[in-house]
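Q: Look at Swiss-Prot and you will find 1 tagged as N-acetylserine. What Swiss-Prot records for 1-143 is domain 'Globin', and it gives sequence analysis as the kind of evidence. Taken from Swiss-Prot, the feature O2 binding site covers 59, and the record attributes it to sequence analysis. If you look up Swiss-Prot, you'll see 89 marked as heme b binding site.
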């Protein structure tokens, strides 16, 4: 779970991310699809899975980073706050929950690349804990 100090670090860092969240989402999803080809199966209905393609950018922007941004405000109750999303991924989309951790790793890599001077060891640890908690909350309906 996230300690109060971790929550403070995440919120402060996320204020810096804010305006670039859409770009970061598209890039993180592009990285995941390129580096972990088995994840392509979930997006096979898209016309183009190339890094930076319109479909990838749109999903990264509207879906992924919106959910992560919303989660920053729900840190005190991620399971409750992400319940509908967890249910969607578990019962309708049938996404293997191990992919949440793969995506969270790619989000961390992308954040580090975009904010090299702000992505300190403290931020890295807090963001990793936060994204791990998001992954656990998204996996809740699989149990």
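For all residues, glycine too, the Cβ spot is worked out from N, Cα and C.
Not measured: the values here are computed from a predicted model.
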Q: Give me the count of other Cβ atoms within 10 A of the Cβ belonging to the residue listed as 'N-acetylserine'.
A: 10
Q: Cα of residue 89 (heme b binding site) to Cα of residue 59 (O2 binding site): how many Å, rounded?
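A: The Cα atom of residue 89 (heme b binding site) is 14 Å away from the Cα atom of residue 59 (O2 binding site).
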Q: Are there any residues at least 6 positions away along the chain from the residue listed as 'O2 binding site' with a Cβ closer than 8 Å to its Cβ? List them or say none.
A: 25, 26, 29, 43
Q: Which of the three DSSP-derived classes (helix, strand, coil) applies to residue 89 (heme b binding site)?
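A: In three-state terms, residue 89 (heme b binding site) counts as helix.
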Q: Using DSSP, what is the helix/strand/coil residue split across the domain 'Globin' (1-143)?
A: 113 helix, 0 strand, 30 coil
Q: By a simple count, how many Cβ atoms lie within 10 Å of the Cβ of residue 89 (heme b binding site), its own Cβ left out?
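A: I get 21 for this one.
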